[in-house]
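Undergrad: Let me give you the structure first, and then I'll get to my questions.
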Amino acid sequence: MGAEGIRVEGLEREFKGGIRAVDGIDLEVAPGEIYGFLGPNGAGKSTTVLMLVTLLPPTGGRATVAGFDVVKQGPQVRRMIGAALQEAALDDFLTGWEHMDLQGGLHGLSRKESRARGGELLERVGLVDAADRKVGGYSGGMKRRLDLALALIHRPRVLFLDEPTTGLDPQSRSALWGEVERLAREEGVTVFLTTQYLEEADVLAGRVGIIDRGRIVAEGTPSALKAEIGRVSLEAIPSRSEDRERLRAALAPFGKPAAHSPRGEAVRLSGGAEQLADVVRALDAARIEVAELQLHQPSLDDVFLEKTGRSLEGSDDSDAEAPEPAAA
Amino acid sequence: MSGSTAQVARAVLRRTTIHTYKNPAIIVPALAFPLVFLVAFAGGLSAVSSVPGFDFAAGYTAFQFVFVFLQMSAFGGIFSGYRLAEDFESGFARRLMVAAPQRLGLIIGYTLAGLVRFALIGVILWVLALATGMQVLGGVLDVLGIVALGALVSAACALWSIGLALRYRTVDIGSFMQTPIFVLLFIAPVYVPLVLLSGWIHSAASINPFTLLLDAARGFITGEPVKVIAAFAAALGILALMWVWATSQLRRAERAVG
Amino acid sequence: MPGEPHLARQIALIAGRSVSRTFRQPELIIPVILFPLILLAVNAAGLSSVTQLPGFPTDRYINFAIVVCFIQGALFASITAGTELASDIQKGFLDRLALTPARRWAVLVGATFGGTSVAIVGTVIYLAIGLIFGVTISTGIPGAVLLVALSIYVALAFAGIGSWLAVRTGSPAAVQGMFPLIFVLFFLSTMNLPAEFIEKDWFRTIAQINPISFLIDGMRSLIITGWDLGELLPCIGVATAMIVLFYGLAARAMRQRVQRT
């Protein structure tokens, strides 16, 4: 493992009252890789990030970031990393530039260096025009972009992004994705990204770790994980919603239930796509009128369902304003 | 009062009373502040009564008690408007506005809630003051006179704050409810009788209606009532004015809610 | 590779941010300045007749009362400092700072500058208004300078209480909720009358051991009595002890709050 990656062995964090938020996880992230850490709210994602960025001591196991031990070499780790933690903690009464000067100064940049580097970063995240305005007037997307720029001011080699796009509109999300991708590809920055959006992990991450209840339940490239599930799933939406029960019964013989379908039913076809004709005949025989019938390639949500028995979206209890990911 | 007005008033009163009953801690600051003032003023400043020209038969504790009692009455009333503003923020008051056919019940209910709080804290204050040796030279009627003035102050302040709550519907307005009342209460003969005041405060206190109430209530506690009719007339006049203020804000709010 | 900046620069950066942020919120500053002045106006006028009591140290009550403004300004400033720090904790800004090489001490001290600078502005305004309305300082200009310096020192001491409460609770509401207690301590002091004029024994006893009385009496002596080390040294001593105690507690709470490795 290169000096600029992440290595985690048996990492644990137990809180008061015996709650094990992180319950022994192992993972490795190669330099320049984007690692997606995927899981529902409360799965232990943020706790893991806090330990890796040295803000929370682990209660067990060990971890090195950029070759430094997160417990014994906190200051060295912090020098090598940048982090944009949840909710982009910015000061509403300061301007973008003032944030830049503060952050750059505290990282030991001279005012001149800080200005040069800050200007470059503000340019890159498209905030040059807004940089003299107070952050209180920024949109959610602008705040996240400023947060990202601030995290990069001291040229970190490892970047931690904790739910960087939660609550953002689709345009802001893809703008942020583009920048993160560029950082990894062109500058070789290692990125550790947590998300509860399958699409985000799918689009961005070279490898994905799925965490549930403090444990990693699956790990690999998105395509390998999906291949492990293998089979396509079929989703049917009845014309009349009262037919859903009967639809479920009619589909049951063709395979196990697949990840949730908001308005219909889905099964993972045990015999593959060739079964499609049989399904249509069965629905016809049962006189169930179908408004939509679709075949889906396996998604990360299917992987999550397979490994945990629950659907990722179904278990998501975050605020309703979060955009619904266009999963699978 | 029509049946539905009374029903709305009762619903509001029941709700706020239950709230206080379930969270007795919320009256602690309301009680603690008058007590601190009483201790600080009556206990700490008693030497003031030795100032030449200070003449008050019942002693300095009684002199200050009257002020603290009326101050508590005022702030007990302001609590009504604060609760209404809170209820607007939580959506309860808006639901009432939409559902209640007789919205005057809203004003009456919150005013009564303030009076209940006034009565509760008032009783505790009297008991504590008497238990620690405050002299009352007046009789039962005189004490009732003080309590009646307190109730009128409380109701008037309740209507003042309810009007503001109806207008702005946010608890941020809380300090604006309190500050003018606070200033009015202190531009008065708080520490010494009016005759011992001089300069600007003498002029300002002379025209402050609260001075009239304070003098009358202090007269009662010494058993030598003074300016009784003028004080009650002033209190009732202010109450009427505040009623007009609160109801006009209610109509304004009705237009906004529809 | 950039490293840790000099400690003085860390404090300057964090203090600069604290001051800019505070002065961009006029609703934080105006009450702090106005409220003590209103109380001064009301108390100085309402209690002016107590100067007729035999042996009262001054014949102008405003000379006696002005110091209360300084201490109140300091107290309000500390509420501001505490609330601001607590909201930084609540919103995660403290984590942002903790991820830089900045020392915990620099964060703690820097964050008090906003509140303290409000107290400085307040002190100058109170003094100017006091002088306009007839305050006479018996120690002259050097005494006035020392008075302002002491006032700032006391504001720093109170800001220590605010910071400690902020770091301990991490909640702005909790910080504000604790301050009525300190207010009570205020009233049980020599703020309105000298100790020997307090008639009730228990009240006098409390006022005489109340640390706030030492602060008030020391600063008051500069205005009324002249240079009196017997009053000044206890005042400086109490303020210093508060600074040591509360910043010590705040630093300890900070180590628990920021468990940075």
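Backbone N, Cα and C atoms are what each Cβ position is placed from, and that goes for glycine too.
As the structure is a computational prediction, the values presented were derived from the model and not from experiment.
Among the features that TrEMBL reports, domain 'ABC-2 type transporter transmembrane' is placed at B:10-219. Residues annotated as transmembrane segment in TrEMBL: B:21-42, B:62-85, B:106-131, B:143-168, B:180-201, B:228-246.
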Undergrad: For the transmembrane segment (B:143-168), find every same-chain residue at least 6 residues outside the stretch whose CB is under 8 Å from a CB in it, and list them.
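TA: For the transmembrane segment (B:143-168), the far contacts come to 66, 69-70, 72-82, 84-85, 88, 107, 110-111, 114-115, 118, 122, 136, 176-177, 181, 213, 216-217, 220-221, 225, 228, 231-232, 235-236, 238-239, 241-243, 245-246, 248-250, 252-253.
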Undergrad: Which residues of the chain, 6 or more past the ends of the transmembrane segment (B:180-201), have a CB below 8 A from one of its CBs?
TA: 41, 45, 48, 51, 53-56, 67, 70-71, 74-75, 78, 157, 160, 208, 210-211, 214-215
Undergrad: Would you mind listing the long-range same-chain contacts of the transmembrane segment (B:228-246), meaning Cβ under 8 Å and 6+ residues beyond its ends?
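TA: Contacts of the transmembrane segment (B:228-246) (Cβ under 8 Å, skipping residues fewer than 6 from its ends): 107, 145, 148-149, 152-153, 155-157, 159-160, 162-163, 166, 209, 212-213, 215-217, 219.
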Undergrad: Using a Cβ cut-off of under 8 Å, list the residues of the same chain at least 6 residues beyond the transmembrane segment (B:21-42) that approach it.
TA: 60-61, 63-65, 67-69, 71-72, 75-76, 79, 117, 120-121, 124-125, 128-129, 190-191
